[in-house]
């Protein structure tokens, strides 16, 4: 409630604002806190969110995403679509037009050659480009004139807004980075620490892993923006300290990623110096069901592989019963407060791809028990644990070490015990669990447990690559060094066929429909993925900072040019 | 009384002499009482204090409560009774401490006596001791937990498996100091007249060690043992604090401390109680060790 009133207040201020800040640099200084400190300001050499987001103050692409996940123009004049002829009908070519008269912060003009150079920079065979995925599938980039960039794809690309779109693929200045191609990329310290850009700010001083000092870009395309003359992006501390610095002490105006528990959220907000902003993206905390047998009695190399189906989790009724026994709202209250909401979907957003599946939201313990009875699992010896044909219903439930996840484990264990399922809990250090080391038995890919819990999301706004992870050929196993993404070992030919259809469909409405169907096949039709909580992003903004809109589809600093001081 | 008429009274037994000296050490007596209370708390406590098992939704209504009559130590973020958890946790922590200490002392004495008594083994065994001293404990424990947890858990069940593994891991990595102390003591003892006499009449090394050497190294071993308990409890707390070792639903004092850390500012009692329990145990055990050393040392005892 408090959060909502505060947000409404901010919105009201925003509505009356334009008259108040019509001059660049009129509002002085703004302090931003990224508790994971930025270490480089070239997003092509780092996939760290802190680096990409800080760099987005300086570097921009043709377009970006707004808070609704829609593509908005930045350097481009408009967004190319099939309707306006910017994208060819066969989906193999997209044509971007730069706004005329754009200048870099050093006063030189921005041209299409810079875009082409950026593509060459990131796809150079000797350079390790962290954002290479954004340029995947491009066969060539042509520059017929100074303002036009034509990207040709090797195959039809239903979602062509990858290259030069969003904070992860900005355009670099060719003149500045000319000597930094390939292997030389990481040796260009000056360029990587102080890139010349088109964004609202430019770097004046950069101390690695500590602080970035910025000043308003004198050549920014909107003469009235940004309202702040200077900005400091400071690093260090942890999420709790960052939240405190904005909400309780007021030392900073904005703090990124302040994930704190609901108790602390309430306590710190009460200080009245700032508000917590939350935005929901695609991050979903879920329980994954293992469709294969993880029994330690099996030989190494056969354990948790498709050779042995799971003795009881391969029965839909058991999986469904386990899901029905969970009260998701309680989980949200325990772990995330306003930064979470219950969900049943693997793809919770954007809206056009999110299924209306709400089956699982209400807990139904009796229904779950009945379902297990129906499946033949009864407590025949009266010890509180169901059994069938001499085998007990017993699951090993693993996750990474993290206070919230251990609370979830404890609560879910209580529910499952009530259901008549014996639960063994296991927690594994996060660096091992997510480490992907093929030699360790404890990685989430190896999945040497019956169920496991973690969170995952997808990059950008298009869920196709994410849904394609559940195809049969993506199952991890010894033959691919356990590197597959189909963690559940889910395999359904009908699903594979539908994913293939999705990759050939360009019509957005149709894509949404297929994506929803795929989501339902994994969730409410099969309970292979039991979604629990849709986790939002939580950042903190001071009450004196106006214009902040939390965006989960692009960088959080996406609209720093619109920020202003509330007077 | 004893020291005023020391010349007339019948010579008191060794045990009585030690006890009377021990009682004079105020810190040691305080330690002994506190430790006894803690043991009573974790062993008898759960029999007396049995909170009803609530369903999740009901328990959550009483989450994060401060100490009250119904919950003397308050409740945690899931509405679980902290007092009951403290008792269950203490049982594990104390058991880990004492059993790991016993393993360490057994190994240390064994290696120390062999190295001190048999000259040929001395070099090898002491280099082995040096090697163990040089091993970094925490990484070693992490590797052991990763490699053996599943295998042991399969035989003994997850909780007992973790218990044995941790106790064993702490035991085999903390015997070195005891070994060094015992070796030094044995080196001195074996040149004493009564040992020489025993050897002269043809007693086997086994008999000499068991009959003459071991009873005389008891005092330094006892002191090393008490200090070892404290160290083992702290090591277990460190492991639990790192989220390793025991399964998450198996509380130990270290884990309670870890869980309470996040809520420290709002509910300080969540870290104070387990922290206090660990500190009190370590402190009292150290004082007992100190008192024992004084009591077992004949030069101090006489005064």
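Backbone N, Cα and C define each Cβ position, glycine as well.
Residues annotated as transmembrane segment in TrEMBL: B:29-49 (among others). Sequence-distant neighbours of the transmembrane segment (B:29-49) (same chain, 6+ residues past either end, Cβ-Cβ under 8 Å): 22-23, 83-84, 87-88, 90-91, 94, 277, 280-281, 283-288, 291.
TrEMBL lists B:90-289 with the feature domain 'ABC transmembrane type-1'.
Residues or ranges marked as transmembrane segment in TrEMBL: B:94-118 (among others).
Residues or ranges marked as transmembrane segment in TrEMBL: B:130-148 (among others).
Beyond the transmembrane segment (B:160-182), the same-chain residues lying 6 or more positions past its ends with a Cβ under 8 Å from any Cβ of the stretch are 92, 95-96, 99-109, 111-113, 115-116, 125-126, 129, 132-133, 135, 137, 140-141, 144-145, 148-149, 152-154, 217, 220-221, 224-225, 228, 231-232, 235-236, 239, 245-247, 250. Under the heading transmembrane segment, TrEMBL lists B:160-182 (among others).
The transmembrane segment annotation in TrEMBL covers B:213-234 (among others).
Sequence annotations record features per position, and here TrEMBL assigns transmembrane segment to B:271-289 (among others).
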Practice problem: Output the single range from B:94-118, B:130-148, B:271-289 maximising the number of Cβ pairs under 8 Å to the transmembrane segment (B:213-234). | Solution: B:94-118
Exercise. Take the transmembrane segment (B:94-118) and find every residue of the same chain, 6 or more past its ends, with a Cβ under 8 Å from one of its Cβ atoms.
Key: 38-39, 42, 125-126, 128-129, 163, 166-168, 170-172, 174-187, 189-190, 205, 208-209, 213-214, 217, 221, 224-225, 228-230, 232-233, 235-236, 252, 281, 285
